[in-house]
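As recorded in Swiss-Prot, the features of this protein are as follows:
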BINDING   His86, Glu91, His123  Zn(2+) binding site
ACT_SITE  Cys185  active site, nucleophile
Amino acid sequence: MTVQTSKNPQVDIAEDNAFFPSEYSLSQYTSPVSDLDGVDYPKPYRGKHKILVIAADERYLPTDNGKLFSTGNHPIETLLPLYHLHAAGFEFEVATISGLMTKFEYWAMPHKDEKVMPFFEQHKSLFRNPKKLADVVASLNADSEYAAIFVPGGHGALIGLPESQDVAAALQWAIKNDRFVISLCHGPAAFLALRHSDNPLNGYSICAFPDAADKQTPDIGYMPGHLTWYFGEELKKMGMNIINDDITGRVHKDRKLLTGDSPFAANALGKLAAQEMLAAYAS
């Protein structure tokens with residue numbers, strides 16, 4: 001006998017009118033074990049350069065019907081790329097706009113993954129005690145040790161990051177100083193911070209989570225309502241080209257901008273980022 005799982009969003013009792021994804025959507029799009037593989041870097045980087053992770057610090061995303069989606073950064077999209085980069089020899093720091101702790105979509109955490117979970121526990125304090133992004137930006141110069149900026153996905157990236165002058169300044173610094181920018185899924189929404197100032201990403205191509213897919217997820221209860229705006233549409237208005245219209249785990253490199261389409265791309269993006277950064281920085 002097949003047990004039917006509910007497509008109704010699950011109540012998040014920590015906030016009024018807030019909801020987690022439905023049991024059905026979680027059964028389709030999450031797993032207790034990740035697809036991490038290919039972590040093989042026999043000649044890791046030994047220098048001082050590191051990754052700056054710009055993480056989400058807000059959990060609740062309003063939808064069109066007033067209900068709140070309980071979100072944050074997606075664990076797979078955050079941890080798998082970082083696992084590869086760390087194995088390749090690159091340490092990382094975490095910053096949020098407020099300086100308050102990173103919010104994760106814990107309902108997507110691969111709790112039974114024997115590699116990812118110890119890695120997360122080892123670095124949890126970085127996410128719980130991040131730097132304030134404005135303080136990081138104030139210290140940036142041509143000699144700063146950050147080799148890349150990484151913006152993880154999850155719908156939490158839609159909250160605050162697209163309007164942040166500090167996010168814009170960090171991205172402008174990275175591109176001006178020939179650093180890598182890495183992102184996937186909804187993370188590229190952070191690029192919208194460049195809309196109202198110098199936009200060095202004009203003309204770049206990326207992979208990202210398709211707007212069309214976001215418009216479908218409420219049907220299975222992944223979100224409790226529809227988004228009030230769609231980041232792909234806005235990225236196109238600012239001169240960026242989104243090369244995918246589906247979700248296949250695709251990754252893409254445009255100069256030093258490395259992107260992926262979804263959590264299914266997290267492992268491949270980690271490999272791509274590690275390989276590209278080793279080629280650029282390993283002696």
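For all residues, glycine too, the Cβ spot is worked out from N, Cα and C.
Here the Cα atom of His86 (Zn(2+) binding site) is found 21 Å from that of Cys185 (active site, nucleophile). Excluding the listed site residues His86, Glu91, His123, the same chain places Ile51, Leu82, Leu85, Phe90, Phe92, Phe119, Gln122, Leu126 with Cβ atoms within 8 Å of the centre of the Zn(2+) site Cβ atoms. Local packing around the recorded positions His86, His123, Cys185 was summarised as the count of other Cβ atoms within 10 Å of each Cβ; on this measure the leading residue is Cys185. DSSP classifies Cys185 (active site, nucleophile) as coil under the three-state reduction. Residue pair Glu91 (Zn(2+) binding site) / Cys185 (active site, nucleophile) shows a Cα separation of 23 Å. The Cβ neighbour count for Glu91 (Zn(2+) binding site), using a 10 Å radius over every protein chain in view, is 15.
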